[in-house]
Amino acid sequence: MSGLAVFIGAGLLTLPFYRAELLHERFVGAHAVPANALTAVVLLAVAVAVVSLLRRDFVRLHPARLTWDDTGDRDRIVHRAMVRAWALRFGIVAYLFVAAGFVLGWSGWPALLATTVAAALYAYAAARRARRGEHAVPFGLAAAGAAFVPSTWLWIIAGVLLAATAAVWGPPPRPGRRELVRGHLAHVARAVAASFGDVLSVLPRPRPTRGRLGTTLRFVVTGIAARRGMVAAAVLLALAAPVLHAVFPVVAPVWWAGLGAYFAVLPFAGGLAEVSTVAGLRRWLPQSDTELWLTAVVVLMVVAGLWLAAAALAGLPAAPAAIPVAAVAVARTVSRPDLDYSPGPTADLGGVAMPVNLVRQLVRGPFLLVMGLAALS
């Protein structure tokens, strides 16, 4: 099964290099490629890579090693992990750079390459030590991509990035035991969730937030406020959606609106996911499941509407019909009960035996989203 998955994945990843005309016809069609389309796509990818690296998920170490084998080399271990995370993210950016160049053309690639290298250097320097305002650089890159800046501006942006790299360069602080253990536990949770296909387990954890939870509405709103750290990711999606619509005009705007709203709103629904999968937490809420679900849908529609308004300001054509579809799909995704791994019927998909019951549980929300957007388009 793993060999087949690798074979299929390699075929899909290499498709832009030998079937670029087919992809251009499918996603661009007879429309003209916007000026600086390659610049917009790559700058957005660079912004996502920098923001992802600044989360510093690499700061982790096994508690047993900290207790029994802490020989003072934790700085070197964390630095190696940071280099691997940095190389992985910008390796993906390099692939997207080349793949998008084959499909969209190579207009302005020298200046774009210089900007990408400068951004990679900034990400390496900034990830070593947390600083206030460090996200201004990736969001500036995303805004430049959304504005389809000409290639002449990219040389200036590259110079600014090099200056920012010099400003933030410095020795990293020595990570403490609590920080390393917290990072290790989060890594284990992500690894287990990936192994069992439980995406809800990796939704962002809430931050301490003041507020009374006496009513269903207060519970849902407080759960969203406790995950305010995901606003940055939602803003990046709001900038990316209009760019993708402009670069790939064959795809109907409702698809970009619906998919963007779904992925932007999903992290904020973590509170509903917790009470749906943990019976002990659910007992603290006396309200019925129907009341909780309907309240969550209404509040999530408001959040999706705010995101869609931001995307419309960035240039995405308005598609208000996608708001209820995305909100209901999110609520259906996070309100499923805990996964049932009991054996059941399987379906043969290209030589891979897929457990029907498990797949049905995992795709109940995304399937509704795809069907709803297909009906709207």
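The backbone N, Cα and C atoms fix where each Cβ goes, and this holds for glycine too.
Look at TrEMBL and you will find 35-54 (among others) tagged as transmembrane segment. Long-range contacts of the transmembrane segment (35-54) within the same chain: residues 85-86, 89-90, 92-93, 96-97, 100-101, 104-109, 112, 115-116, 119-120, 122-123, 126-127, 130, 134-135, 137-139, 141-142, 144-146, 148-151, 154, 232-233, 236, 239-240, 243, 246-247, each at least 6 residues beyond the stretch ends and with a Cβ under 8 Å from a Cβ of the stretch.
The transmembrane segment annotation in TrEMBL covers 86-103 (among others). Long-range Cβ contacts of the transmembrane segment (86-103) within its own chain (Cβ-Cβ under 8 Å, at least 6 residues beyond either end) map to 13, 16-17, 20, 23-24, 27-28, 37-38, 41-42, 45-46, 49, 52-53, 109, 112-113, 116, 120, 123-124, 127.
Residues or ranges marked as transmembrane segment by TrEMBL: 109-127 (among others).
Annotation comment: TrEMBL describes 139-164 (among others) as transmembrane segment. Residues 34-37, 39-44, 46-48, 50, 107-108, 110-112, 114-115, 117-119, 121-122, 232, 235-236, 239-240, 242-243, 246, 314-315 of the same chain sit 6 or more residues outside the transmembrane segment (139-164) yet have a Cβ under 8 Å from a Cβ within it.
The annotation transmembrane segment is assigned in TrEMBL to 184-204 (among others).
If you look up TrEMBL, you'll see 225-248 (among others) marked as transmembrane segment.
Positions annotated as transmembrane segment by TrEMBL: 254-281 (among others). Below 8 angstroms of C-beta separation, residues 200, 203-206, 219-220, 222-224, 226-227, 230, 233-234, 237-238, 240-242, 244-245, 292-293, 296, 300, 303-304, 307-308, 311, 316-317, 319, 321-323, 325-327, 329-331, 333-338, 366, 369, 372-373, 376-377 of the same chain, each at least six residues beyond the ends of the transmembrane segment (254-281), sit close to that stretch.
Residues or ranges marked as transmembrane segment by TrEMBL: 293-316 (among others). For the transmembrane segment (293-316), same-chain residues at least 6 beyond its ends with a Cβ under 8 Å from one of its own Cβ atoms are 146, 216-217, 220-221, 224, 234-235, 237-239, 241-243, 245-246, 253, 256-257, 260-261, 264-265, 268-269, 272, 322-324, 326-328, 330-331, 335.
Beyond the transmembrane segment (225-248), the same-chain residues lying 6 or more positions past its ends with a Cβ under 8 Å from any Cβ of the stretch are 27-28, 33-34, 37, 40-41, 44, 47-48, 51, 104, 135, 139, 142-143, 145-146, 148, 204, 206-209, 211, 256-257, 260, 263-265, 267-268, 270-271, 307, 310-311, 314-317.
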